[in-house]
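Heads up: the structure comes next, in structure tokens.
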């Protein structure tokens, strides 16, 4: 329970202090916001006031003739008009402030500036508010709805993704899926969630996820999420799993054995695989986001090596960069040749070419297991493919900066970058491209839809009908969507 606040009398020295909290810089002097408290609540009003002021908005503590925008939450047009009539009358000739729904405020905060007022924002006219689609128009599967890279509910989705990640660290598949699916729905909504009523009818919003969102809407933070992010368990598991070659099971074993830092791992090299040793050796570089420019530079290097080895072969950038991301933690490439069979044995030659240039810091080669392609298609339970591939750490050349006299020494001439090279036959390329583009959750949902709604098995090798023993053929990603009866979503809309 919040402590009772002492009533401050008008004109007292304390009243001046209480109302003197606006920030030093007001970026939008023509906009003066008053947050009406009745349905909003005192703590939420205080939070929203701090948020707006931190972004340069002018928020007034008292209703007066200076107010240009009154913002209300969970209030009908009729209630808003009654509220305004009950307030002290403004001086003659003063314009009435706009009565606006909280959605105008949240959209303005997201934009970093006042957004244009639309009819849906105004409370003066009793029109039905436009809210995000509910279950009738919000498909249950992430592969049925667009998920843009930039969406309207980042704060909310990231909180649920934190809880999903923590559940994954505990091998709690049920909680992981519940939070992941709810977060994915938020990414597909066409506008910000400003009130809990907007979640009604949306798929995958159970009691727990709804409670988290409610706390975030009311207080701007969620105690459970905060505790998870600050916990030693979560931070250690996150640290260990960011090391190349370390999965959840290994990280958990190390945690149970009392290990907490990377230095402790380095002191016990006997417990590390070669891949993990390389991950620790180049950890500083590998934990630094890879820029799109770096990914494109790597593509040029790999394309040159591939052309030298097999003219006519193509190299395609996949993963998050294909979905529109400007940075990532690794770079994935698919290599193929239009004449099926020409790609066999290509990767070792490409790696040899890269090694001769001194670009390979580490690589682990996996030969192809495509001898029985029909068998690979029937592996419905496996998300791993059988393509020829190499998990690498490449040294990407960096422009050398000359050191000035007395300055720090020049920067390193290369940067370690995680790279996956995958070789696929041309007949399986559309499925491989779809699978390696992601996102991981989008692909999981696509396989679930194929299995549960169509009775088909989908993986990076192809699409298979287990009843009719039939293998489907496709020449593009669009073909795969069409075979599944789905509307095609471009890569930029697959950030589920």
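Glycine is no exception: its Cβ is also placed from the backbone N, Cα and C atoms.
Annotation source Swiss-Prot lists region 'Disordered' at 1-22.
Taken from Swiss-Prot, the feature phosphoserine applies to 12, supported by a large-scale study or a structure entry.
Look at Swiss-Prot and you will find 12-22 tagged as compositional bias 'Low complexity'.
Per Swiss-Prot, domain 'BRCT' is recorded for 23-122, and the stated evidence type is sequence analysis.
Swiss-Prot lists 241, 243 with the feature Na(+) binding site, giving similarity to another entry as the kind of evidence. If you take the C-beta of residue 241 (Na(+) binding site) and look for same-chain residues 6 or more apart in sequence within under 8 angstroms, you find 169, 247, 248, 251. Reduced to three states, the DSSP call for residue 241 (Na(+) binding site) is helix.
Across the range of the region 'Involved in ssDNA binding' (323-332), the DSSP-based residue counts are 0 helix, 4 strand, 6 coil. Feature annotation from Swiss-Prot assigns region 'Involved in ssDNA binding' to 323-332.
For residue 330 (Mg(2+) binding site), the number of other Cβ atoms no farther than 10 Å from its own Cβ, over all displayed protein chains, is 18. Here Swiss-Prot flags 330, 332, 420 as Mg(2+) binding site.
Positions annotated as site 'Responsible for the low discrimination between dNTP and rNTP' by Swiss-Prot, on the basis of similarity to another entry: 435. All protein chains considered, the CB of residue 435 (site 'Responsible for the low discrimination between dNTP and rNTP') has 24 other CB atoms within 10 Å.
Sequence-distant neighbours of residue 243 (Na(+) binding site) (same chain, 6+ residues apart, CB-CB distance under 8 A): 262, 265, 276, 279, 280, 283. Residue 332 (Mg(2+) binding site) and residue 435 (site 'Responsible for the low discrimination between dNTP and rNTP') have their C-alpha atoms 11 Å apart, to the nearest angstrom. Neighbour density for residue 420 (Mg(2+) binding site): within 10 A of its CB lie 16 other CB atoms from the protein chains shown. Residue counts for the domain 'BRCT' (23-122) by DSSP state, with H, G and I taken as helix and E and B as strand, are 36 helix, 15 strand, 49 coil. Using the Cβ center of 330, 332, 420 for Mg(2+), the list of other same-chain residues with Cβ within 8 Å runs, in sequence order, 318, 319, 331, 333, 391, 418, 419. If you measure from the Cα atom of residue 420 (Mg(2+) binding site) to that of residue 435 (site 'Responsible for the low discrimination between dNTP and rNTP'), you get 14 Å.
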